[in-house]
Amino acid sequence: MRKAIFPGTFDPFTIGHYSVVERALTFMDEIIIGIGINENKNTYFPIEKREEMIRNLYKDNPRIKVMSYDCLTIDFAQQVEAQFIVRGIRTVKDFEYEETIADINRKLAGIETILLFTEPELTCVSSTIVRELLTYNKDISQFIPEGMEIN
């Protein structure tokens, strides 16, 4: 069984994240969306709310699980017995960073990282932008997956 984690803060989960998960499902049997807890990061939504939003989005898909974790991503991958880490790439800067982390993860644990490039129309979408729009009470519906409720 091919199992992957898709790690991130997901504050909030965007259509870009959704696209990565949907594309990864074409070659993975199970994907665990791992919501990393970083005490040094100020988040817009509490961890419980992020878990709830994503879990509700995938409630009818038994191949998707949602979990939070507060350790190194590679340790989380080993804990859940994932063979792969899936990451989304929007820019060259993202690629350079993820390539380095992928090399370290392979050396430390033998876990491969699969990099999926964002579709061109989604490269401008980020959780940071969505949070900024939320701060100013703007409509974010075009930037989050259909059916995901943010309130």
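Cβ coordinates come from backbone N, Cα and C, glycine included.
Now, the feature entries from Swiss-Prot:
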- T9, F10, H17, G88, I89, R90, E98, L122, T123, C124, V125, S126, S127, T128: ATP binding site (BINDING)
- T9, K41, T73, R87: substrate binding site (BINDING)
- H17: site 'Transition state stabilizer' (SITE)
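Distances between the Cα of K41 (substrate binding site) and those of the binding-site residues T9, H17, I89, E98, T123 are shortest for T9. Here the candidates are the binding-site residues H17, I89, E98, T123. The one whose C-alpha lies nearest to that of T73 (substrate binding site) is E98. If you measure from the Cα atom of E98 (ATP binding site) to that of R87 (substrate binding site), you get 8 Å. Counting other Cβ atoms within 10 Å of each Cβ, the binding-site residues T123, S127 show the lowest value at T123.
For the pair H17 (ATP binding site) and R87 (substrate binding site), the Cα-Cα distance reads 9 Å. Reported as a whole number, the C-alpha separation between S127 (ATP binding site) and R87 (substrate binding site) equals 15 Å.
On its own chain, R87 (substrate binding site) has F6, P7, V20, E98, A102, T113, I114, L115, L116 as residues at least 6 apart in sequence with a Cβ closer than 8 Å to its own Cβ.
Classification of V125 (ATP binding site) by DSSP places it in coil, neither helical nor stranded.
Its Cβ taken as reference, V125 (ATP binding site) is surrounded by 22 other Cβ atoms within 10 Å in the chains shown.
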